[in-house]
Structure formats: structure tokens, C-alpha cells
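Trainee: First, the structure itself, so that you have it in front of you.
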Amino acid sequence: MASTSTLLMKTIFLVLIFVSFAISPATSTAPDDCASESANPCVNKAKALPLKIIAIAAILVASMIGVGAPLFSRSVPFLQPDGNIFTIVKCFASGIILGTGFMHVLPDSFDMLSSKCLGENPWHKFPFSGFLAMLACLVTLVIDSMATTLYTSKNVVGIVPHGHGHGHGPENDVALPIKEDDSANAQLLRYRVIAMVLELGIIVHSVVIGLSLGATSDTCTIKGLIAALCFHQMFEGMGLGGCILQAEYTNMKKFVMAFFFAVTTPSGIALGIALSTVYRENSPSALITVGLLNACSAGLLIYMALVDLLAAEFMGPKLQGSIKMQAKCFLAALLGCGGMSIIAKWA
């Protein structure tokens, strides 16, 4: 079932964390200054704490607005899920997610796993970031496919006789899928799988982002990140919120999924603050752990944005029936990617 696939993904990420901590002492011959604060005039713990608290509040509000807006769009006539404006906004948000994977998460992973603070062997001799991102894409594909199959297999009714023999054994019985609204049911199942897998990928990289912000005492970095992350979380939340809306979950499930998205980055910041006395973002353990998680998260986000969001939208009957809508949605996606590319300068 889909819960099993979600558990599998979480297990993979936890294994990566433990493995990275286990191998980092043995494979890292870092310079002495890598485990200490850099001589940066912007580093000021006393001034950084109020900024982090502001970041928690601002990002929480932005995340709630972003993920909540699509969920309340049914009450706004021109923002109905089957309307053109909703489709265009969803493509823009998908561009945000794609830009996040390519322009933020994956480059961060390359920077971390190629840091001078890590040993030459093996970190500088093999492109772990690209390899893990590629692997994450393939694993996401398998989980996406298996979860859809498991969901679909639950939608069968009864056993009907089949075959020309006179036997009554199980070999003569075949489970037939529901015939009524078959295509609508299949699409709904796809939306539900997409919503769950996408939320998992977003939550993983949101925790990493929050942890890094909460642990740093660089006030210059924090000031730039607050605005960038508010924009990022708001529009990424719109993409996720649109998927949750189309999945047609119960109100309680919608609330739970929206809640976890909204509080993940602020919780990561709070955890970073709590660990700021022992966590050093340029220590080998931190670089390896966060670098591996970023690579996996990037692969998942890139796959979801391209395959399950943009490709599914552009190859669907709505856009295939209108070149004009295709052009609008392409420009929206391009704008989303471009926005995240610009933000990459500060984030």
C-alpha cells in the first residue's frame, strides 16, 4: 500500500543518515579549521537568535498561505481545480519545485560533498551527488509505479468465473476491476500517490534547509535566507496544495498534510538552534549527512516535477487540446524556474 512505500522512502533516508555518520570519521581528513567557526565579521550569535525567531514566524506564515491557498480555491469561482487559471498556477508552482531541485538542492549537495573539509578519498574522486540524485530518480520511479499498482489493486470487486473448464478452483476465477468511472478512479489514485511522494521529498529538504539556517550564526546569510525561503515555501506550498486538493482526501488528511508541510522548515530551524552549540555546518559529519540527503531529495523533486507534475499536465487532454494553454503553462513553468534561479544568488 502507499503507506508502505512512504515508510520505505523514510527508511532509505534514515539509513543514509546513519551510514554517513558511520563513515565520515574514517573517510575524512579535514583541516583543523573545518570544525570551527570561520573568521567572518557577520558571525554574531547574539544578533542571530532574534533573526532566527523572525524566520520561524515568517516562514510558518508563508508556508501556511502557500499550501492553504489551493485548498480554499474551491470557494473562488475562477480558481476551480478544473479551471485554466488553476492549471497555470499549478505549472508555475511545478516550475518552482523543478528549480528548487536543480538550482538549490543539487548544487548544495555538490558543494558539500566536494568540500575541502572532506578527505580526498572517496569524496573528491567520485561524483556522489549526481550518482545519488540519479539513483533517487529511479527509486522514486519504482515507488511511484508500485504504489499506483497497489492502490489500483485495492479497487477490485468480487470474483467472477472465467474459462471454459468445469472446475471451480481459484485458477478459474479472475478479479475484475471496477468498470464505472474507471479512468476517473485511476486518475484520482495517481493524484494521491503524487501528493504523498511529493510531500515526502519536500519535507526532507525542508528539514535540511531549516537545520542549516537554525545552526548558523551568520547574520548576513540569515537575512538573505528569510526573504528567499518565504518566497520558496509559499510557492512550493502552492504546488503541494494543488496536488493535495486534486487527491480529494478527507478534510482531516488535508489538514494533516498541510500542517506537516507548514511546520517542517520552522521545526528544522528550531532544531538547528537547539543543536547550534554542537552542530557545525562545515564539519565532516554535517557535510556528508546533509550532502547525501540533499542529493536524494534533489533527485526525488526533479523526478516529481518533470514526470508527475509537468509531463502529466502537458500530456493530459486539457493542454493537448489547446496550443494557447500549452504556451501559457510553459511560460508559467519557465517563470517558476527563473524565479528560483534568481533566488539561488541569496539562498
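Note: Cβ is positioned from N, Cα and C throughout, glycine not excepted.
Grabbed the feature section from TrEMBL, which reads as follows:
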- 1-28: signal peptide (SIGNAL)
- 53-73: transmembrane segment (TRANSMEM)
- 85-106: transmembrane segment (TRANSMEM)
- 126-143: transmembrane segment (TRANSMEM)
- 193-213: transmembrane segment (TRANSMEM)
- 257-279: transmembrane segment (TRANSMEM)
- 285-306: transmembrane segment (TRANSMEM)
- 327-346: transmembrane segment (TRANSMEM)
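Please situate the listed features within the shown structure.
Mentor: For the transmembrane segment (53-73), same-chain residues at least 6 beyond its ends with a Cβ under 8 Å from one of its own Cβ atoms are 79-81, 86, 89, 210, 213, 222, 225-226, 229-231, 233-238, 240-242, 244-245, 254, 258, 261-263, 265-266, 269-270.
Within the chain, the transmembrane segment (85-106) has long-range Cβ neighbours (under 8 A, six or more residues past its boundaries) at 70, 73, 78-79, 129, 133, 198, 202, 205, 232, 235-236, 238-240, 242, 294-295, 297-299, 301-302, 304-306, 309-310, 313, 318-319, 325, 328-330, 332-341, 343-344, 347.
Proximity of distant same-chain residues to the transmembrane segment (327-346), defined by a Cβ-Cβ separation under 8 Å and at least 6 residues beyond the stretch ends, is recorded for 84, 87-89, 91-100, 102-104, 107, 224-225, 227-228, 231-232, 235, 310, 313-314, 319.
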